[in-house]
Amino acid sequence: MSRRRLAILTAAVLAAAPLTACGGSDDPSGGSAKTLTYWASNQGASLEADKQILQPELDRFEQQTGIKVNVEVVPWSDLLNRLLAAATSGQGPDVVNIGNTWSASLQATGAMVEFDDATLAKVGGRDRFVPAALAAAGAPGKPPAAVPLYSLAYALYYNKKAFADAGITTPPTTWEQVAELGRKLTGDGRWGLAVEGANASENAHHAFTFSQQYGGEWFDSAGKPTFDTPQNVAAVKRYVDLMATDKIINPSNAEYAQNQSVSDFANGKAAMLLWQAAGANLKSQNMAADAYGVAPVPFLAAPPAGGRKVNSMVAGINIAVFKHTRNPDAALEFVKFMTSDAEQVTLNKTYGSLPPVTTAASDPAFTAPEQKVLQATLATTAAPLPQVPDESTFETLVGTAIKELFADAASGKPVTEDGVRQKLSKAQQQMR
Amino acid sequence: MAITTVHDATGRDGPPRGGAPQNRPRRPRRSLLPYLLLAPAVVLELAIHVVPMLVGAWMSLLELTQFHIRDWSTAPFVGTENYRMVLDLDSAAGAELLHSFQVTVLYTVCSVGLSWVLGTTAAVLLQRPFRGRGLLRALFLTPYALPVYTAVITWSFLFQRDNGLVNHVLVDQLQLLGDRPFWLIGDNSFVALLIVSVWRSWPFAFLCVMAGLQNIPADLYEAAAMDGAGFWRRFRSVTLPMLRPVNLVLLLVLFLWTFNDFNTPYVLFGGSAPEQADLVSIHIYRSSFKTWDFGSGSAMSVALLLFLLLVTAGYLLLTNRRRNDA
């Protein structure tokens with residue numbers, strides 16, 4: 001082989017290499033003692049909107065404490081990856097928002113500051129937080145890896161005018177009614193229900209709720225996955241059947257992953273929507289608050305033995321501190337500020353979520369019909385997603401399996417029990 | 001490089017004729033300068049390519065899950081366990097990897113083939129000067145000049161089922177199809193991915209072939225024309241053989257780029273590609289980043305690297321031998 005060949009081969013090796021060299025990105029965080037980097041999750045209508053909502057609050061924090069906070073709003077599609085990279089490299093932000101369902105997964109990395117009693121005391125004490133919300137901030141029996149920031153739950157949003165036009169007076173309370181009313185509402189370019197079919201997390205959340213209603217569990221008590229039990233198969237099939245057999249969902253929803261379902265609902269292309277605190281988002285899309293109603297997520301008309309009366313996960317956003325922070329005290333000071341009564345009322349009001357802080361929950365800002373439904377759901381019929389280290393993997397694998405099932409349903413392929421079981425078994429085998 | 005420099009030095013120091021070097025030292029004093037000049041490149045090469053590659057290979061021998069990523073020293077050493085898992089075709093992980101590998105091979109062959117045909121055709125048609133040639137050349141190169149993310153996101157909008165331009169043209173305007181097809185999910189997703197890939201990489205083929213064509217002496221074409229060769233005959237007997245060195249490298253580079261392509265499927269499908277378009281790069285990404293199992297992800301990467309090395313070495317040996325035979 002000539003030298004030139006050798007040179008080409010060497011170049012080829014290097015061209016072939018990048019895949020093995022996948023790595024996290026570093027974040028040049030400010031090194032000065034009085035600066036914090038904060039990654040906020042996307043709660044408002046856009047990243048820019050969030051920045052504008054948060055900046056005045058951060059300015060106030062700087063006035064009070066002299067600590068400057070640089071905020072970056074990270075889209076949900078990137079957040080977990082970015083957190084993982086930060087956990088791996090020990091570089092990046094000091095304070096972060098995390099989806100509360102990831103708490104146990106991120107806790108397992110050991111990268112987060114543990115909120116034991118002494119640490120909790122620095123941000124106001126354990127009693128400050130709603131117990132159910134704090135329970136969704138880490139694995140049971142361990143100090144939480146975060147504290148709750150915003151509380152959320154799923155609700156059924158329905159278009160009042162569409163319901164009135166179809167002669168429907170009350171929102172559905174069972175899935176059977178959803179299917180029946182949905183068929184009445186479907187037609188003339190409008191569909192009964194909109195879903196986010198290609199969004200793995202959304203799919204996984206619904207898979208959890210349906211599974212609870214069928215009496216299923218996604219993990220056993222030892223934390224091992226139990227994806228393909230008959231209850232879970234029935235649960236997933238019930239959800240996908242809303243498109244496959246009930247045909248009340250536009251097949252196009254199978255490719256939705258960027259909140260297009262909210263837009264469809266706001267634009268009148270769909271009459272119902274299952275969402276967490278959609279109000280703020282709908283407002284930004286020019287849907288008036290009196291144009292839609294909010295009802296609890298439906299149940300099964302005849303639940304099988306073992307079925308639970310659960311119609312939402314305990315959803316929410318937690319705020320966490322990375323152990324690698326150079327300013328742990330300033331970071332905790334910031335957490336205390338964000339969970340203070342004043343900030344809790346301001347921010348939760350803006351986002352339409354509920355404060356997980358007991359003293360702020362009774363504020364009159366949270367008595368709108370939407371918030372009342374969310375409050376009632378959280379208080380009575382919400383259950384936390386399993387707080388196991390593999391939770392985020394469950395969301396990815398099961399959520400993706402459902403995405404594939406929606407794709408089948410959309411292209412007219414039959415969705416059978418066997419087909420669902422195969423997909424779930426395959427997902428389970430990919431767990432380690 | 002270093003060798004050339006030393007050789008030049010010999011040429012200058014020694015007598016101009018080739019013989020009688022005995023009365024001088026066989027080699028001149030080695031100068032450090034060439035190595036110093038090379039050092040920065042070597043250091044960067046090590047830091048950017050070689051070391052991460054070795055680290056990746058090391059990762060593939062560990063059970064590197066979320067429990068251990070923060071401190072790798074705690075990750076249990078599992079030897080070839082990861083390889084056994086991802087290469088065991090009876091297991092779900094192995095079967096998925098094989099499927100993904102097959103999809104990638106098909107994708108690469110189609111994409112490289114089409115890109116080469118399109119690029120060569122355009123380059124040959126634009127070989128003769130005519131009015132507007134510069135404009136066309138610039139136009140053809142646009143996809144190559146656009147930032148990948150912007151371009152592919154635009155494609156993902158075009159391919160949307162309800163609001164996308166592709167369906168608007170095919171269904172509403174030309175009425176070629178009765179039902180609105182899906183492009184980003186299901187069977188068509190492979191076609192969509194291929195279209196975007198070819199759109200992105202054919203300008204590179206065009207550019208290389210165009211440069212190669214500049215080096216073909218016009219006399220050859222004149223001589224061929226005198227002999228009565230038509231367009232096809234000239235293309236086959238003059239253009240293609242003269243382009244051989246260019247094509248050799250072009251095809252290899254296109255093959256490696258396309259096989260490893262991550263950006264196109266990632267942006268087009270948003271991280272989790274449909275089964276029909278589940279390229280190996282995305283598959284590895286999903287296996288390591290989404291399920292937080294970096295050990296098995298690295299094992300897949302290393303296996304892939306070995307495969308690409310084999311193909312490359314085989315390709316070079318084969319083309320080399322054919323050239324020597326000729």
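Keep in mind that glycine also has a Cβ here, set from the backbone N, Cα and C atoms.
According to TrEMBL, the region 'Disordered' annotation covers B:1-27.
Residues or ranges marked as transmembrane segment by TrEMBL: B:32-55 (among others).
Summarising the annotation, TrEMBL assigns domain 'ABC transmembrane type-1' to B:101-317.
Per TrEMBL, transmembrane segment is recorded for B:105-126 (among others). Long-range contacts of the transmembrane segment (B:105-126) within the same chain, counting only residues at least 6 positions beyond its ends with a Cβ under 8 Å from a Cβ of the stretch, are 133, 136-137, 140, 190, 193-194, 197-198, 201-210, 212-213, 235, 239, 243, 247, 250-251, 254-255, 258-259, 277, 279.
Sequence annotations record features per position, and here TrEMBL assigns transmembrane segment to B:138-158 (among others). The list of residues near the transmembrane segment (B:138-158) in space but at least 6 beyond its ends in sequence, with Cβ under 8 angstroms from a Cβ of it, reads 122, 164-166, 184, 192, 195-196, 199-200, 202-204, 206-207, 263-264, 267-270.
Same-chain residues lying 6+ beyond the ends of the transmembrane segment (B:190-213) with a Cβ under 8 Å from its Cβ atoms: 103, 106-107, 110-112, 114-116, 118-120, 122-124, 126-127, 137, 140-144, 148, 151-152, 155, 159, 183-184, 239, 242-243, 245-247, 249-250, 254, 257-258, 261, 264-265, 268-269, 273, 276-277, 279. The transmembrane segment annotation in TrEMBL covers B:190-213 (among others).
Marked as transmembrane segment by TrEMBL: B:242-259 (among others). Panel annotation: around the transmembrane segment (B:242-259), residues 104, 107-108, 111-112, 115-116, 120, 197, 201, 204-205, 208-209, 211-213, 215-216, 220, 280, 308, 311-312, 315-316, 319 of the same chain, lying at least six beyond its termini, place a Cβ under 8 Å from a Cβ of the stretch.
For B:298-318 (among others), the entry in TrEMBL reads transmembrane segment.
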